[in-house]
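Undergrad: Okay, handing you the structure first.
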């Protein structure tokens, strides 16, 4: 919204700053961060008062988690609130990719909110049925995939970009939209599975979003794409503002989610963050790079898939418990140790993913 202040500029005054995506990204970061600090504690107090016993704890989960009983959930409301407010304030409203990513974020947040509400109100860990969540998630992803494809240049529609190879695209034809749907749905659920320890999901999500934001800015500029030999997607640069806001919102939330957590993000936050990452990857045509920068989420999801399939086939388990962060808990690792080491892994993967822009 503040972009329209450029209409007051004569080209050499302070209003001209609002033309620059990087300036507005900085503003979005600070706005979301301040939002988190201002409204975090009041929101936690409201959630604690409304929820009473807080998020239900699984009976078959790690023993150390029983001490977390009574901690309120739905803290994702703080993330989403800061993210939406900041993005709407600093991003251009005429950019279709910004609206697409915002739509996915809010829609998945609503699914997560319904799930969290069902869990808290019934005081069990079931929530909304898995089939219903999946169906709603697919519908959202279909809309987002078609939305992005419609706004991509004709030469990029239905194309899958290969990292490392110079401006190499594979035409998936009619398979592209189903592929994009899988990226968004898979990303949302992978982040959701990762959110099992205090601070575990939020930092890797922030790191992945920041990396994708840099990529979005790069592929949205002709000069950068010519230098890097990557495809040009006009309009994606504005997504940097969204990712900067996400980083600020994430820091604001982490202030209260750091061990021992005063609030959990719940499915409200994890589904929203995962959906946003998938939507950004689809918008920028960097779906495969998401698998690298979000590699931690991929591993967490794969650990569950492997565990379930292997157990059905043999009656035995590969991991002591899935997702894999619970496996390390069962092995005796302290929760902060797991969280910090997974953060480090996420940072390394993000650097590798970012390097794919240059390594051609």
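Every residue, even glycine, has its Cβ placed from backbone N, Cα and C.
Residues or ranges marked as transmembrane segment in Swiss-Prot (evidence: sequence analysis): 27-47, 71-91, 93-113, 134-154, 168-188, 199-219, 239-259, 262-282, 288-308, 337-357.
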Undergrad: Could you tell me whether the transmembrane segment (168-188) and the transmembrane segment (239-259) have 3+ CB pairs under 8 A, leaving out pairs under 6 positions apart?
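TA: When sequence-distant Cβ pairs are counted, the transmembrane segment (168-188) does not touch the transmembrane segment (239-259), since fewer than 3 lie under 8 Å.
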Undergrad: Out of 27-47, 93-113, 134-154, 288-308, 337-357, which stretch has the largest tally of CB pairs under 8 angstroms to the transmembrane segment (168-188)?
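TA: Most contacts with the transmembrane segment (168-188): 134-154.
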Undergrad: Considering pairs 6 or more residues apart, do the transmembrane segment (93-113) and the transmembrane segment (262-282) have at least three CB pairs under 8 Å?
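TA: Yes, the stretches contact each other.
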Undergrad: Which one, 27-47, 134-154, 199-219, 288-308, has the most C-beta pairs under 8 Å toward the transmembrane segment (262-282)?
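TA: Looking at each of 27-47, 134-154, 199-219, 288-308 in turn, the most contacts to the transmembrane segment (262-282) are made by 199-219.
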Undergrad: Counting only residues 6 or more past its boundaries, what in the same chain has a CB within less than 8 Å of a CB in the transmembrane segment (199-219)?
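TA: Cβ under 8 Å, 6 or more out: 21-22, 25, 79, 191, 225, 228, 230-233, 236-237, 239-240, 242-244, 246-247, 250-251, 253-254, 257-259, 261, 265, 269-270, 273-274, 276-277, 280-281, 283-286, 289-290, 293-294, 296-297, 325, 338-339, 342-343, 346-347, 350, 353-354, 357.
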